[in-house]
Structure formats: structure tokens, C-alpha cells
Amino acid sequence: MACGAAREEKSDTASLELLPSAPRKMNENKPGGSQNSTCVFCRKNDDCPIKYGEKKTNEKWNLTVHYYCLKCSVCKKTGASIGCVAPRCKRSYHFPCGLQRECIFQFTGNFASFCWKHRPVQIITSNNCRDSLLCTICLEFIEPIPTYSVLRSPCCKNAWFHRDCLQVQAINAGVFFFRCTVCNNSDIFQKEMLRMGIHIPEKDASWELEENAYQELLQHYEHCDVLRCRCKEGRDYNVPDSKWEIKCCQCCGSSGTHLACSSLQSREQNWECLECRSILYSAGEFQKAKKHSLPKTNVGINDCLLEESSPKLPRQSLGDQHKDLLRQGSKFRRDISTLIIELGFQVKKKPKKVVINKANIWNSALDGFRNRNFNPSYAIDIVYVNENDHFGREQPGSKQEFLSLLMQQLENSPLFEGSLSKNLSLNSQALKENLYYEAGKMVAISLVHGGPSPGFFSQTLFNCLAYGPENTQPVLDDVSDFDVAQIMIRVNTAATVADLNSLVNDYYKYLELIGCLRLITSISDKYMLAKDILVYHVIKRVQAPFESFKQGLKTLGVLEKIQTYPEAFFHIFCHKPENLSAKILSDLFTVHTLSDVQTLGFWNSYLQAIEDGKSTVTMEDILIFATGCKSIPPAGFKPNPSIECLHMDFPVGNKCNNCLALPITSTYKEFQESMDFAIKNTLRLEKEENSHFI
């Protein structure tokens with residue numbers, strides 16, 4: 001070691017140039033002046049050239065260093081000012097070099113540094129983990145073995161992270177929001193992460209520092225939500241100190257009514273929306289409101305009873321009332337549209353552009369959602385491109401249309417199996433490409449961003465998501481494989497022990513392979529055998545796809561919401577929306593104030609003719625033509641669909657604004673022919689464009 005130092009001494013005489021104004025003249029030949037000096041790096045007086053290297057002193061600044069303390073143990077260059085705190089360890093290094101050699105720097109306490117030989121490690125007493133698990137931040141597979149680059153949560157034993165993912169999260173979240181991604185523990189979690197060298201800055205979260213991040217909280221809700229709004233100027237019309245002033249629900253503040261629409265005499269009168277009122281009444285705390293006398297107007301009796309003013313309630317502060325509702329809300333079934341609207345509150349208004357090739361929706365969506373700049377918590381701005389357009393021109397697209405097309409392709413993808421009620425399939429290529437996770441994320445994004453629900457899940461798949469596979473019992477209808485279904489039928493129809501043993505012999509290798517081989521002693525054993533085969537084929541066989549899909553469904557908190565309110569989500573996940581009727585469409589579209597009365601009459605007659613089967617156009621065709629969706633999304637349309645009457649030859653659907661322009665014609669026949677021709681041909685062309693699949 002001394003020989004090596006001697007060989008390098010001449011070439012490294014400039015090693016002290018990092019010291020302030022280090023002169024060339026050093027006291028190298030003054031042992032008396034340097035023996036009692038302390039090294040500024042290791043704080044030792046020892047003068048042992050063999051062990052520490054020769055001591056060198058800057059006379060002007062009276063700074064002394066050991067030659068080896070000055071050199072980096074990694075890159076062998078000068079300027080190494082960080083040393084390992086382990087006793088008797090003399091390694092020193094630059095900070096970047098230390099990171100390269102996987103040293104650990106603790107950003108707490110005495111800011112200790114540990115070299116690669118003495119760094120702290122995480123100890124696991126037993127490892128019952130599978131071959132690979134997901135990093136709960138980036139959701140990529142990692143080996144569940146504690147290393148420098150892989151860390152385990154101290155509070156959730158099966159939660160694993162990449163070190164780089166944790167560091168990025170810590171920088172963004174800051175000390176006030178950095179916590180375990182699984183159980184939200186902060187104290188134990190932060191203590192362990194600081195020990196393992198994660199820097200947690202003492203600052204507010206990055207999302208809290210965004211300019212006008214919570215500007216929408218300052219906006220006052222101004223929209224009339226009663227079933228039948230009486231205001232001719234529209235639901236958003238608000239004139240303070242008049243009967244058309246909008247008053248918000250005193251409990252939730254997220255619904256409103258014109259004073260006149262709910263027969264309120266003044267804005268001081270209490271009013272709750274229907275949902276809050278149902279919670280209050282169901283709790284049994286208040287008596288049912290007495291019906292009000294009908295106002296002396298031309299309004300019919302049925303219309304007046306659609307909305308009633310609120311009963312007299314004990315005076316409470318808004319905060320107390322809100323707490324009461326939250327306390328009671330978990331006891332009652334929640335409306336699905338309200339739940340999804342609540343999920344939508346986390347979406348920031350700042351839009352992020354997603355470029356979609358309409359002829360290849362699936363791959364375009366994958367590319368867009370996997371883009372490093374994509375954030376599901378930002379509003380989605382869809383633009384369409386045509387692969388045949390050499391100029392790369394972009395056209396604005398409808399977000400709800402895109403999500404509707406995406407859910408259709410997901411339903412028909414090889415990720416699911418079955419006819420109507422579908423379960424996850426076992427597709428090794430899709431699993432390798434992490435497509436099950438992407439599929440779960442697509443479903444979550446569609447729901448939160450106002451798109452349609454799946455509507456094709458089997459009850460077994462939904463129960464596995466909501467209650468866990470261990471609490472779910474599949475049924476024979478879940479088996480889509482013909483051969484497996486035949487085995488199940490033979491098991492269920494076996495009449496004797498001999499028949500059952502014969503079946504076991506016929507399928508011995510298969511039963512052994514799937515772990516369902518059992519000794520048959522009585523005919524009743526067939527029930528356990530059938531259950532074992534069923535659970536394996538429907539649940540255990542697709543465990544890896546299921547876990548990946550479930551992780552994707554956690555996007556924006558959707559899975560947590562499903563598990564909290566499973567009854568509310570069951571219908572939209574396992575059933576298609578109700579069939580559209582003439583009344584539903586008529587009520588769905590808001591008519592502009594200045595519209596042609598005759599054309600509106602033609603419109604209503606046209607809807608009735610479709611319902612009576614007198615047209616080849618369907619109600620779904622009209623909705624797709626105007627909005628891009630064939631059904632009403634669970635959270636409704638945004639903006640609300642509207643109708644206007646214009647002097648034109650054919651109707652026009654503006655899917656970005658959910659607006660349908662009707663042609664003004666002189667006869668109903670002209671109106672019907674114009675509508676039929678435009679709608680059928682437009683949808684036919686769009687169907688041809690969207691014919692590509694995964």
C-alpha cells in the first residue's frame with residue numbers, strides 16, 4: 001500500500017488544490033510541525049504513512065490531511081470528503097461515487113454515511129413470498145429480496161419498493177405526506193426509510209405548491225338539480241334575491257335548487273337534496289315532512305310533488321351536519337352516480353393531451369396511458385389522428401366516445417373469457433406485457449373520468465374483487481373451457497363410487513397436475529372434488545392475472561371504493577345499462593331556448609316511431625351519433641346533452657359538446673328521411689374506421 005502511494009505521489013501532488021488557495025509550498029519535510037496536527041477529515045493525529053498515507057499541511061490555512069483520506073476509495077481521485085462512520089473503516093468517497101457503490105447516506109440525526117461494506121440492511125426472518133411481487137409505487141415486478149435497490153415496508157410485510165421509486169415519492173410528498181402506500185403509516189415507515197438512506201425533505205407536498213391547485217374549492221355551486229327545473233333560462237340561471245336564486249343543499253353543498261323549483265319562500269329556509277334527505281330519514285332522526293299545500297299556479301299536481309321544501313330541522317352548523325352525514329352514510333346504500341362523482345373530485349382541471357389513432361384504439365390507449373407524462377389524476381384531452389394523414393393533423397375528440405370504444409374493445413379482448421358474463425383468462429403473452437394491469441387501469445380511468453362502466457363482469461369476478469378470492473365460490477357457468485366443463489358435468493352426475501373412481505382414473509394426470517387428486521371413499525366426495533376443480537380453474541389458475549388486474553383497478557382509488565360499497569358497484573360491473581326509451585332520450589336532451597316548435601314536435605314523433613319499431617335506427621344509434629356513447633355513463637354526461645334546431649339538410653352530432661343539431665324541415669317525412677340517412681351512414685363509416693382490434 002505504501003509502495004502504491006509512493007508511486008502515485010508525484011502525479012497527485014495537486015491533490016491539495018481543492019483546499020482554499022492551496023499553495024505549492026508544503027511542509028512535507030517538517031515532521032515536527034505535522035506530527036501534532038489533526039487530519040481535518042478523519043480527526044486523528046496519527047502519522048502513519050503506511051496506514052493513512054503521508055500527512056500534508058497547507059501552511060496558509062493550517063489544514064492537515066492524510067493522503068489516503070484525501071483520495072476517493074471508489075474513483076481514486078482527490079476531494080473525497082465523506083467517510084464511513086463504522087469504527088476503524090477508513091474509506092472515504094465523493095457523494096456521487098458513494099451512490100455508485102451503493103453506500104447509504106442518512107439524512108437525519110448526525111447525517112451518518114456508511115460504505116458498501118458497513119451499510120445497514122433489512123433483515124427478514126422468514127421469506128414466504130412468491131418468486132416476484134409488484135413494487136407498490138411503479139407496479140413493476142421485483143424480486144422480494146432486500147438489497148440496496150429493493151426495500152421492504154416495515155409496517156406492511158408484503159409491500160416492496162424500488163429505492164428509486166421511494167426516493168421520487170419522498171421528494172414529491174415531503175415529510176408531511178410521505179407514508180406507506182399500503183397502510184398509510186408514516187411514523188414507522190419514515191423512521192425505517194431514513195435509516196435506509198431515503199431523503200425526506202422538510203417541505204410541503206409538490207401538489208400542494210401548485211398555483212391555484214384548489215381554486216375550484218372557492219367556487220360556489222350554482223346549478224339546479226331538482227327533477228323538474230321550472231326556470232325557462234336553464235338550470236344554471238341564478239339571480240340573487242329572487243325566486244330564481246340557487247340555494248345549495250345545507251348538508252352536502254354539492255346539489256342545488258332554484259327557490260321557486262322547490263317552493264322555498266326565502267333563502268333562509270332549510271333545504272336538502274334527495275340523497276341527503278334519504279339518509280336523514282333512514283336514520284330515523286327526523287319525522288317525515290308534511291306535504292305542502294299546492295301553490296296557486298297552472299302547474300299540475302304531479303309536478304308539484306316532485307320536489308318538496310325541506311322539513312323543519314334542528315339548527316346545526318354546516319360542519320356538524322356534514323359530520324353527521326358522514327357518520328351515517330356508511331350504514332346505507334350509496335347511489336352509484338354519487339360515488340363516481342366523488343371519485344371524480346380528485347381529477348385536476350388542467351388537461352393532459354392523449355393522442356389516439358381511432359383506427360387502433362387499443363394500442364393508442366396503451367401508448368397514451370404508459371407515457372411517462374400521463375397522469376390519471378389530470379383531465380384527459382383527446383385528439384384523434386389518422387395514420388393515413390401524412391401531415392399528422394390532429395382533430396379534437398370526445399373523451400366519452402374514446403372511453404366507450406375502449407371499454408368495447410376491452411370486453412372483446414383475449415384478456416377475458418366467456419360469452420356474456422366474463423372472467424379473466426390466462427394469457428401468458430398478455431401477462432408478460434403487463435396487459436392485465438393496464439386493463440384494470442383502463443376500467444378505473446373510464447369510471448373516474450366520466451366514461452362507461454364495464455357491464456360484462458361475472459358475479460364471481462366481481463366478488464373476487466370486492467370480497468377477495470378466498471371468500472368467493474365460483475359456479476359451473478364460470479367455466480368457459482368445454483373440456484373442463486365436461487369433466488365437471490361427469491363429476492356432478494356420478495351416481496356411484498365406481499363411476500367416480502372411473503372418472504378419477506380417466507383424468508388422473510389432469511387432476512394430479514392441478515392439485516385436485518383426492519381419495520374417493522363415498523359418493524359425497526364428488527362435491528368436494530367438483531369444488532376443487534372449479535376453484536382451481538376459475539380462481540387459482542388465473543391468480544397472477546387477477547393480482548395484476550386488481551393493482552390496475554387501484555388507480556385513483558377505484559378498487560377501494562368498490563370494496564367499501566360493493567352493492568352499489570355490482571350492477572354497473574355485471575349488468576348492461578337499461579335499454580333506452582323515447583322518454584329517457586327526450587328527458588336526457590336539454591332543448592335550447594330558441595328552437596323551432598315544429599321541429600321539436602318532429603323530434604318527439606321520431607323517437608316514438610323508433611320505440612314502436614317503425615325505423616331501422618335505434619335509440620342507441622341516436623345517442624352514439626350525438627355523444628359517442630351507446631349508453632348513459634354512471635355519472636351522467638358532461639356537458640349535459642342538448643338539442644338545437646338549424647336550417648340544414650341533415651342532422652349534425654357534436655360529440656365533444658354532446659350537442660345534436662336537428663334539421664328544420666317542412667314535413668315530418670323529410671325530417672325522418674334526413675335523420676335516418678345521416679345517422680345510419682355516419683355510424684356505418686365510423687364502424688368501418690374502428691374495425692381494427694388488438
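For all residues, glycine too, the Cβ spot is worked out from N, Cα and C.
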Tell me which range among 1-35, 316-350 TrEMBL lists as region 'Disordered'.
-> 1-35
CB within-chain contacts under 8 A for C656 (active site, glycyl thioester intermediate), separation at least 6 = P396, G397, S398
Secondary structure split (DSSP) over the domain 'PHD-type' (70-119) reads 7 helix, 10 strand, 33 coil
